[in-house]
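Everything on this sheet refers to the single structure shown next.
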Amino acid sequence: MFIPVAQSAFRALKQSSPRVRIFLISKNAYSSQVEYKPIRSVLVANRGEIAIRVFRACTELGIKSVAIYSEQDKMHMHRQKADESYIVGKGLPPVEAYLNIPEIIRVCKENDVDAVHPGYGFLSERSDFAQAVIDAGIRFIGPTPKVVQQMGDKVAARVAAIEAGVPIVPGTDGPVTTKEEAMEFCKKHGLPVIFKAAYGGGGRGMRVVRKMDEVEEMFQRASSEAKAAFGNGAMFIEKFIERPRHIEVQLLGDKAGNVVHLFERDCSVQRRHQKVVEIAPAPRLPQETRDKMTEAAVRLARHVGYENAGTVEFLCDESGNFYFIEVNARLQVEHTVTEEITGIDLVQSQIRVAEGMTLPELGYTQENIQPRGYAIQCRVTTEDPANDFQPSTGRLEVFRSGEGMGIRVDSASGFAGAIISPYYDSLLVKIISHASDLQSSAAKMNRALREFRIRGVKTNIPFLLNVLENQKFLHGVLDTYFIDEHPQLFKFRISQNRAQKLLNYIGEVLVNGPQTPLATGLKPADITPHVPEVPLVTEPPKGLRHILKSQGPEAFAKEVRSRKNLMLMDTSFRDAHQSLLATRVRSHDLLKISPYVAHKFNNLYSLENWGGATFDVALRFLHECPWERLEEMRKRIPNIPFQMLLRGANAVGYTSYPDNVVHKFCELAVQTGMDIFRVFDSLNYLPNLILGMEAAGKAGGVVEAAISYTGDVSDPARTKYDLKYYTNLADELVKAGTHVLCIKDMAGLLKPQAAKLLITAIRDKHPDVPIHIHTHDTSGAGVASMLACAEAGADVVDTAVDSMSGMTSQPSMGAVVASLQGTPLDTEFDLRDVSEYSAYWEQTRTLYAPFECTTTMKSGNADVYLNEIPGGQYTNLQFQAFSLGLGDFFEDVKKAYREANLLLGDIIKVTPSSKVVGDLAQFMVQNKLNADQVLERAEELSFPKSVVEFLQGSIGIPHGGFPEPLRSRVLKDMPRVEGRPGANLAPLDFDKLTKDLKESHPHISERDVMSAALYPAVTEDFLYCRENYGPVDKLDTRIFLTGPKVGEEFEVAIERGKTLSLKTLAMAEDLTPNGEREVFFEMNGQLRSVLIRDKEAVKELHIHPKANKSNKNEVGAPMPGTVIDIRVKEGDTVEKGQPLVVLSAMKMEMIVQAPKAGVVKKLEIINGMKLEGDDLLMQIE
């Protein structure tokens, strides 16, 4: 039953005059005269949640509460909760401030304090502190100094246990202070043994040793840790009991010799010998064992004359035998669970006993104390369970706690803005659940933990949730190996923390400017494009994809060829914005219009939406995953075939890859939603083309082999790429098994007359193969050329919706649709639908003003027939020229492009070969060189890398061979690639790549690995951005590019049914000492802020450098802390795993080991230096 506490009776007692009661005590340390003397004020010689716990008890009893605090704790909550608070330990290190006995006594004397409560940790088990308090005429709320000394001395406590007939574990007779003594004990008694701090507890300074060669190192670390925590490094050593349960009995004694137990707690769920979860009472403990254990605890307490609250700890083996470990002569962290099951307020009881009240007067007789239900306590700590529980420090940006029936929360730092420092214990909050049975209590705890939202530091909540859902835990099957033997406890569903990450991104944009380079000074329009409505409740009508998925690629090709009307491919989702807007259109805007396209344009041949430059740009500049883009588009457009651009053996990259990379890429693309692979090679190099075709076909995709077009087949003078060249190439591709033939006119050079000649010739030779024409409208003749192709027998032509067409993009969809209305080639699209579709893109295009091609290009230009610059490259080349300071010389760049092309042998120009020509052209203009000068000075010039690699044969062999003597003069004795570049490349080890990536990014997917195989450095940057800034693709485009205006309200839909309402409030003008600016937001009505380092301002400050996680030569601090030992110096040779540095934080020491073998090039630290997480320690090469 619960024990009622009569508050009115207590107050009456307090106000009455002191009473004297006489007790006849036969032995031990109890006083024969018990005086009742009310306590008017209590100073708590502690900090954090235990200080607040005592203050609350004082307030309920009408007692004044007094706090002390260190300089580092001046903003801490415990100081504010007390009636009075006083600083101690000015100028001392953070922990030592709370260990300064003279100053604490001085505060008590100067402020008329009646009693001191030590809390737990710090001075709570120091008998000299208890004696100093009493000598000063102040009451000590705890056992007598003699008992504190006796029980704090592990050896004396063992002797007392033996005298009281309590079973013990074999151990040293006294404290051990040297590693030689430790070694001698281990050799005599054998291993395993456990080192424990002789003058403190809580798991500090505790180590289990199972190997003789670890004894000395473990002893030194444990002793050093104990000294830092308790001021004394002496150790106690005892035999280690395998597979025990850790059970402790809560005791309460008074000055009259009465002792009762408040039953037991199971503390077996431990990590590094520190309790993580506690349960009361201990589940599945036989009643006989419980009775013997509690009786032994009471017997020991009476034997030593114990008064006030304390705990006797036991190890209990599988047979029910139990062994005394130690007495904690203080209040325990986990006292809360005992309070919940007994209804007894232990802190108030401590105070009442210190006043002189007896247990019977309090109503605490053993028969009246009965447990009710089960209570669980979880210690939420600021530690990262995914990183070996390393301490996590910083500012709590968000704190929202779990509450509700059966939940109690004891905390001190639980508020937004609280600073979690590395100086003290990592405990953030204690959560206690209480219910009628263990499973119900665990369910309440689980629910409460899931309600918590803590941002800014890592916590162990994911780990605690795994513990609470473990079936052995739920059934009370526990021992101290529980955590070690359940590795699944460390498999976490990581908190996404999307909202705070997005605030960090927006703050970064506001403080440091756009996070994607803007090509011009124009700003995105402040507009929300109108999305035309579609009946979302109905499925979109079927399209060609239905045939592809149900009957396969061959049937798909046959269906396309059988259609009598002209089919269209829409490039608005890829090539159009690549050509007009530097490929910068984001998934956010593409996905908005996708449902409309699915409903209104279901008869499209395909939608070009992926591959080529979009893959690279999505990762590099838009900070979004191209695979997610494809997947989300497929969800919204299930009926239209998707088409991608595959650069043959180059996949979607700019170089040759091992064959298995190309094959794996195609497999993953099909799995994610891709249908048609338009396979091309930048030089029409057949071996590269065939590899891409094989990869696409094997993956189950439609193979659309593309012939890259250049020259002019209607001009008899242009003989290198004549009609026969193209028809022969078409023959080879058909023979290789292509499902569809494509003419890829990447520069828009296919004139109407040439179109008729080329398409007619190919159609005559291959009447059953569908023909698809891709072009650009740079010259303005695109519509005419496409109509000519259609009349000559082409099945499909490319168009872009009107507002995204023309110039370097594709011909106008509306123009082609209108031109063929009422003819046998009628596209069967409604011009009104095209118009609505175009209106959306006309508005959306204004969001991308910084990348708008019309900034530099006002109209189409027929000089493309001279310079042959591909449409996708034209505007990019313009922007590059401007960025290189050649904006005024773009006409010269275009002329140089023509000269560079001829210098290189008049090659096919499409990515990556077009980049070779463009790089050479800009090189020529920058250095004021003409073609003759380049050729003459080729041996002395430093050419662009792409030019050198092309001449080496790194992207294939051009039609007609390499240009001589240019090649020989440039390369001299450099190596040359013979044959297909990828043929001699060893297969990529995907398993190794995955393992390497997971070292820095533990939660990557198969898609991320594939991206890294293609773009290693770019993917590394993307993964870092995603981990730090979250789903930035969900932000509106203007917000993403340039950030919101101060005072602006906006919404972010992070997923279906979850929308964030945000408002930008202000940005601080002052910098923090770390060079950060605070940016303030309102999110869902609550104030939020983020600290963003000002990259310009910090240039004037000395800020410790951070380790670059992608640079394996840089060793970073795995946790915040203080450098206490540096074991290497510059120039030392180190082996992998060799100890380098010892760090200390939150009373825990960590040895930083060498991640690789090498030589220490530079040390960035000195002893005593305080570090933040990821601060650079050293460089190893």
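Cβ coordinates come from backbone N, Cα and C, glycine included.
Among the features that TrEMBL reports, ATP binding site is placed at LYS154, GLU238, HIS273.
What TrEMBL records for ASP575, LYS744, HIS774, HIS776 is Mn(2+) binding site. Residue density at ASP575 (Mn(2+) binding site): 30 other Cβ atoms are found within 10 A of its Cβ, drawing on all protein chains shown.
Here TrEMBL flags ARG647, THR911 as substrate binding site. Over all protein chains present, the Cβ of THR911 (substrate binding site) has 25 other Cβ atoms lying within 10 Å.
What TrEMBL records for 38-488 is domain 'Biotin carboxylation'.
Look at TrEMBL and you will find 158-355 tagged as domain 'ATP-grasp'.
If you look up TrEMBL, you'll see 566-835 marked as domain 'Pyruvate carboxyltransferase'.
What TrEMBL records for 1112-1181 is domain 'Lipoyl-binding'. Counted with DSSP, the domain 'Lipoyl-binding' (1112-1181) comes out as 0 helix, 38 strand, 32 coil.
The Cβ of LYS744 (Mn(2+) binding site) has ARG678, PHE680, ALA706, ILE707, SER708, TYR709, HIS774, VAL910 as same-chain neighbours under 8 Å, each 6 or more residues away in sequence. The annotation N6-carboxylysine is assigned in TrEMBL to LYS744.
Per TrEMBL, the feature N6-biotinyllysine maps to LYS1147.
Apart from the site residues LYS154, GLU238, HIS273, the chain places the Cβ of GLY171, ILE194, PHE195, LYS196, MET206, PHE236, ILE237, ILE325, GLU326 no farther than 8 Å from the centroid of the site's Cβ atoms, the recorded ATP location.
Looking only at the domain 'Pyruvate carboxyltransferase' (566-835), the predicted model's pLDDT averages out at 95. A sphere of 10 angstroms centred on the C-beta of GLU238 (ATP binding site) encloses 22 other C-beta atoms.
Ranked by Cβ neighbours within 10 A across all protein chains shown, the binding-site residues LYS154, HIS273, ARG647 are led by ARG647. Cβ-based crowding with a 10 Å cutoff singles out HIS776 as the top-ranked of the binding-site residues HIS774, HIS776. Across the structure, LYS154 (ATP binding site) and HIS776 (Mn(2+) binding site) are spaced 86 Å apart at their Cα atoms. Nearest in space to ARG647 (substrate binding site), taking C-alpha to C-alpha distance over the binding-site residues GLU238, HIS273, ASP575, is ASP575. Counting in whole angstrom, HIS273 (ATP binding site) lies 70 from HIS776 (Mn(2+) binding site) by their C-alpha atoms. Among the binding-site residues listed here, namely ASP575, HIS776, THR911, THR911 has its C-alpha nearest to that of GLU238 (ATP binding site).
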